[in-house]
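*Asks:* Attaching a single structure in structure tokens format; questions to follow.
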Amino acid sequence: MNKNSSDIMALAPNTPNKRETVCIFGTGDFGRALGHKLIQSGYPVVYGSRSTQISNLIPKDAEVLGHAEAAQKAAIIIIAIQRQHYNFLTPLAEVLRGKVLVDISNNLKLNQYPESNAEYLAQLLPGSKVVKSFNTVSAWALQSGTLDASRQVFVCGDDVEAKQMVMNIVRALGLTPLDKGSLLAAQEIENYPLQLFPMWKFPIFLSLGLAAFFFLYCVALDIVYTYIYENNNFSFFIAITIPNRVCPVVALILLALVYLPGIFAAIIQLYRGTKYRRFPDWLDKWMLCRKQLGLIALAFASLHVVFTLVTPLRAFASWRTSKRIISQALNNKTEPLDHTNAWLSDSYLALGILGYFLFVLLGITSLPSVSNNVNWREFRFVQSKLGYLALIFCTAHTLVYGGKWFLSPSAYKWYLPNIYILSLIVPCAVLVVKFVLIFPCVDKPLTRIRQGWERNPKYSE
């Protein structure tokens, strides 16, 4: 019984009395929020401030002292002030000698200074051990406890023991530390919070550019052309009809663009005869943002589904249906069922449903909570094999629906092809080249290259 009790005690977290005191320089929003979180985790906290008067904003269990006196009470000092105020630390150099200084500052823009704030602090106080950390966590997240979006905390520094002490504090706060190496990584860590969706910029700009181009293209052909040559005002198409044409077109092209860089990579490897040479920068960046391209494509496909579902509710659809019924009644003639049209209609709907189902499956498996629970072979099967199958279904869906316009002269308004014809160029090219790449005469050498074989080893880089 005693042995079990001692084992349990050994595994239990440290009690608050055994936590080391943490000093915080700075009583701003983040300094106060971090101090409150540290106290909740059992750390004694002392604030170093110019004013030693207790404020209602300071956590009630924290102590407030002058900078020098507060620094003497702790081995770890969190510098929760901006870089432009670091100069006041210089007179405290002897007091801070050997102490662990945690720089948590951020800048207003990327690469604002030649060196990082942490490196600048290390230059001011060469006798101290500077560690960069906590700059990716917001004061609001610490106060509210909603840390799901910022649970990972980057840590870097030149002293291994100092980094370990800081990472222990990070873990005690319920966060996840990630060691980024020496203090040279501080610039990258400080730039991280200033980046606005770095991997999403190209996919978003590309998708918005495609959407704008096809929207204006449809406006020109479906509204301007019909108004000029047919004297029909279809301006209301801007609300639902044109978006319902643009969304599937953009979704299909973006889905094809997810797999196009893989085609380029295979061709380059076959041409070079080796996998040990870097791809061009543009291809590297393209391959890194394939997940984002796919998710944006899924968003456009979902909008297409919603627009299609509300189409029967439109006044234009009701008017067109009633007009057809009245026309048949006046002519005392019932139009027979066109079985060819019925087959085409059901076929493109079925293909669209299957394509969208696989599309959603690709999106679900890209979630970290799902992808972390499958092995690499399973993930590759879904993203590659089922991904190409989704592309085939979606391309076939568009072909069956818009194929009738290929040979129809009336579809070429101002000698311009229909939007669905344009949307098929990239996906059809991807599928055709992929079909060639799976031929045994091509697939076997490509597989050998990806397994490490080289055509001319002496030329590999």
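Glycine too: its Cβ is placed from the backbone N, Cα and C atoms.
According to TrEMBL, the feature domain 'Pyrroline-5-carboxylate reductase catalytic N-terminal' maps to 21-107. Here TrEMBL flags 249-394 as domain 'Ferric oxidoreductase'. Residues or ranges marked as transmembrane segment in TrEMBL: 204-229, 249-271, 292-313, 347-365, 386-407, 419-442.
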*Asks:* Would you kindly list the residues that approach the transmembrane segment (249-271) from elsewhere in its chain, counting only those six or more residues past its ends and only Cβ-Cβ distances under 8 Å?
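*Replies:* Residues 203, 206-207, 210-211, 214, 279, 283, 286-287, 290, 293-294, 296-298, 300-301, 304, 359, 387-388, 390-391, 394-395, 398, 419-420, 422-424, 426-427, 429-430, 433-434, 437, 442, 445-446, 449-450.
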*Asks:* Check the domain 'Pyrroline-5-carboxylate reductase catalytic N-terminal' (21-107) for me and report the mean pLDDT.
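*Replies:* When the pLDDT values over the domain 'Pyrroline-5-carboxylate reductase catalytic N-terminal' (21-107) are averaged, the result is 89.
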*Asks:* Who are the long-range neighbours of the transmembrane segment (347-365) in its own chain, taking Cβ under 8 Å and residues 6 or more past its ends?
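*Replies:* Hits for the transmembrane segment (347-365): 251, 255, 294-295, 297-298, 301, 305, 371, 374, 379, 382-383, 386-387, 389-390, 393-394, 396-397, 400-401.
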*Asks:* Tally of helix, strand and coil residues over the domain 'Ferric oxidoreductase' (249-394) according to DSSP?
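*Replies:* Looking at the domain 'Ferric oxidoreductase' (249-394) with DSSP, the answer is 122 helix, 0 strand, 24 coil.
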*Asks:* Who are the long-range neighbours of the transmembrane segment (292-313) in its own chain, taking Cβ under 8 Å and residues 6 or more past its ends?
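*Replies:* Result: 199-200, 202-204, 206-207, 211, 240, 243-244, 247-248, 250-252, 254-255, 257-258, 356, 359-360, 362-363, 366, 394.
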*Asks:* Counting only residues 6 or more past its boundaries, what in the same chain has a CB within less than 8 Å of a CB in the transmembrane segment (386-407)?
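*Replies:* Same-chain contacts beyond the ends: 248, 251-252, 255-256, 258-259, 301, 344, 347-348, 351-352, 354-356, 358-359, 361-362, 417-418, 420-421, 423-424, 427-428, 430-431, 434.
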*Asks:* DSSP on the domain 'Pyrroline-5-carboxylate reductase catalytic N-terminal' (21-107): how many residues come out helix, how many strand, how many coil?
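*Replies:* Going by DSSP assignments, the domain 'Pyrroline-5-carboxylate reductase catalytic N-terminal' (21-107) contains 32 helix, 19 strand, 36 coil.
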